[in-house]
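Colleague: Pasting in a structure now, in structure tokens, and then I'll have a few things to ask.
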Amino acid sequence: MLIFISIFLGLMPSLVWLMIFLREDVRPHPNRLVIRTFLWGAFITVPVLFLGILAQCIFLGCAFSGAENGVFGPLLSGIPEPLPRILFMFLGIALVEELSKFFAARMSVLRDPSFNEPVDAMLFLVIAALGFAAVENIAFVLNAPVQTAGLLGGVIPILAMRFLSATLLHSIASGIIGYTIARALFDNQLHKGVILIGIAIAATVHGLYNGLLESGVPNILSDKNLGDFFVSSGVVMGLLLAGGVVLWLMFQHVRALSRIHSWRNNHGKVTLLR
């Protein structure tokens with residue numbers, strides 16, 4: 001029973017943020033587009049899982065029962081620490097995930113005629129990110145240590161933290177990509193280079209978040225010094241909340257530009273997303 005409750009609750013952080021971000025859609029789109037984009041973001045986690053394993057093998061090495069001592073060394077051998085781990089965090093995790101979320105949004109709605117104004121780029125990239133985060137959250141709370149800690153001791157505290165941390169981080173990073181696309185559409189300068197710049201910025205933000213976690217944010221399930229836990233995790237979540245404010249400001253900026261620019265003149269540029 002706890003497993004089913006965990007799956008249901010694991011969806012809640014993404015669904016709550018989804019309701020919040022949908023308020024930015026002044027001309028609501030059909031529910032089918034929202035659901036389709038959310039599901040694309042969720043399904044893209046499957047190839048990301050395998051790409052993550054491949055990246056780990058490249059940068060850090062990987063374990064297989066058939067290998068000598070059960071372990072293959074990293075393919076990029078000879079690189080001194082901590083560079084391989086940094087490359088893994090920024091390229092193997094952050095860049096792969098940001099590219100995948102962009103691909104999910106592109107396949108689900110950015111190629112759809114319903115994508116008819118610049119703010120849609122931000123909105124639907126965030127929706128794809130929330131679908132991605134939903135699967136991450138479910139997988140996280142289904143881990144054995146969290147299940148062992150129980151509903152009140154593990155599942156709910158973890159999801160409460162991820163609501164203000166990982167789920168928001170995914171939204172911010174994908175929103176950055178959407179913002180760069182929206183600005184380029186207004187300026188009539190949308191090209192693949194602009195999209196790549198947006199992805200690079202998003203991956204950098206995501207990688208820095210990974211680095212903060214890697215640098216020693218304590219585990220609420222195992223760390224006995226709750227003071228250290230709340231201080232360090234509070235710093236991370238405070239930075240993310242600041243990022244959330246920036247994301248909201250980016251939404252407002254794009255909406256303000258929509259009132260003073262002629263979107264129709266730039267509509268043809270959307271073909272680059274298709």
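Cβ from N, Cα, C; glycine included.
Note that TrEMBL annotation is computational and uncurated.
Annotations for this protein, taken from TrEMBL, read as follows:
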type     : residues : note
TRANSMEM : 6-26     : transmembrane segment
TRANSMEM : 38-66    : transmembrane segment
TRANSMEM : 121-142  : transmembrane segment
TRANSMEM : 154-181  : transmembrane segment
TRANSMEM : 193-209  : transmembrane segment
TRANSMEM : 229-251  : transmembrane segment
Colleague: What same-chain residues lie close to the transmembrane segment (6-26): Cβ under 8 Å, and 6 or more beyond its ends?
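Modeller: Distant Cβ neighbours of the transmembrane segment (6-26) are 34, 38, 119, 122-123, 126-127, 130-131, 133-134, 137-138, 140-142, 146-147, 151, 155-156, 159, 162-163, 167-168, 171, 251, 255.
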Colleague: Given a Cβ distance threshold of under 8 angstroms, which distant residues of the chain, six or more beyond its ends, lie next to the transmembrane segment (121-142)?
Modeller: 3, 6-7, 9-11, 13-15, 17-18, 21-22, 24-25, 33-34, 37-45, 48, 97, 100-102, 104-105, 108-110, 115, 154-155, 158-159, 162, 166-167, 170-171, 173-175, 177-179, 181-182, 185, 247, 250-251, 254
